[in-house]
Structure formats: structure tokens, C-alpha cells
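Here the structure comes first, spelled out in C-alpha cells, and everything after it is commentary.
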Amino acid sequence: MSERIIMDDAAIQRTVTRIAHEILEYNKGTDNLILLGIKTRGEYLANRIQDKIHQIEQQRIPTGTIDITYFRDDIEHMSSLTTKDAIDIDTDITDKVVIIIDDVLYTGRTVRASLDAILLNARPIKIGLAALVDRGHRELPIRADFVGKNIPTSKEETVSVYLEEMDQRNAVIIK
């Protein structure tokens, strides 16, 4: 199976910077802005975007994580952990502008699960979505507000995102 590098380290860094600027424009600054990264790689991307926003605005915005494990629609038994344990952030997200961060947007089911987790716990003013890669093939009517790169793929192909924080390198690869 052949691999194609779609984004290298420099491309990922430029993309994170662009997404940070787009989020600031969308929100007209940092007021009431919250970033929630979908575990695991979305968490690292959210932290990178937070760092870029801090460099641009000299303000550190609240950033946390969403664990969608118990909100997925492909598991049979829901756990009692489906409430407050899904979102890990040190501030209330009610009446805030929440941006969900994910590495790859594919069918939309992961995003749907993250929306369920957020709305079970809070009532944000607005929810946006940022994805490093959008590969298409949606099964739900979900669209990202901020996309790093649109990558047309076949359903048989796999898009893998590698991030330094857990993979010791930065790259987006199609297999």
C-alpha cells in the first residue's frame, strides 16, 4: 500500500496559524471564546491553536477536551460516564462561543457525538467546528467552519494525522 504525504510539518504549522486567524475573525476577537479538542489529536491541535491565538492577541483563551467515547452511535451500552466526565475544561462553557477542534472530518459522526456531549452539559451561544483535514464522505449534515485542507479521498483510503505530541512527527498521510 503506497503512502502519500499530503501535509508536512511546515504545512501543518501554517495551517494552524491560518485557522487561529480565521477563528479570531469569526469571533471578532477572543471574548467568550472557548476551544474544545476532540480526544486525542484534536486536543493537541486545540492547544496549538490556543498558543497561536496567544501569540496574536496576547490572551490565553480557555481550552479543554471532549471525550466522545460514550456518545458514539456505534456502541451498544451507554455508560454512566456520559454526563460531566465527557468535557474537561476549567470554565463554564454556557453562554460562550465554543469551537470544536478535530484532526479529520469524515462521516460527521464524531462531531455529532461531540455536539451531544456539549449540549448535555451546557448551552453555548454558538458552536463552530475546525478540522485540520476534511476528506468528505459525510453521512450526516455537518460542515466545518474552518478547514485546514480539503483532501478528496476514496472510502478505501485512510487519512492519518501524525502529531509531534504523540507520534514524534508532524504529517498528514493518505494510505
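Just so you know, glycine gets a Cβ as well, placed from its N, Cα and C.
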Item to check | The annotated motif 'PRPP-binding' range in Swiss-Prot, which must be one of 33-45, 98-110, 111-123, 124-136 | outcome: 98-110
Checklist outcome for this item: Joining T40, R41, D102, D103, V104, L105, Y106, T107, G108, R109, T110, R135 at the substrate site recorded in Swiss-Prot, out of V159, V172, is V159
Item to check | Tertiary contacts of the motif 'PRPP-binding' (98-110), as residues 6+ beyond its ends and Cβ separation under 8 Å | outcome: 23, 33-38, 41-43, 45-46, 49, 66, 68, 72-74, 118, 124, 126-142, 144-147, 159, 161, 163
Item to check | Which same-chain residues, if any, lie at least 6 apart from D102 (substrate binding site) yet have Cβ under 8 Å of it | outcome: G37, I38, R41, G42, L45, T110, V111, S114, L129, A130, A131, L132
Checklist entry - Taking the Cβ of T40 (substrate binding site) as reference, which residues of that chain separated by at least 6 in sequence fall under 8 Å from it? => result M166
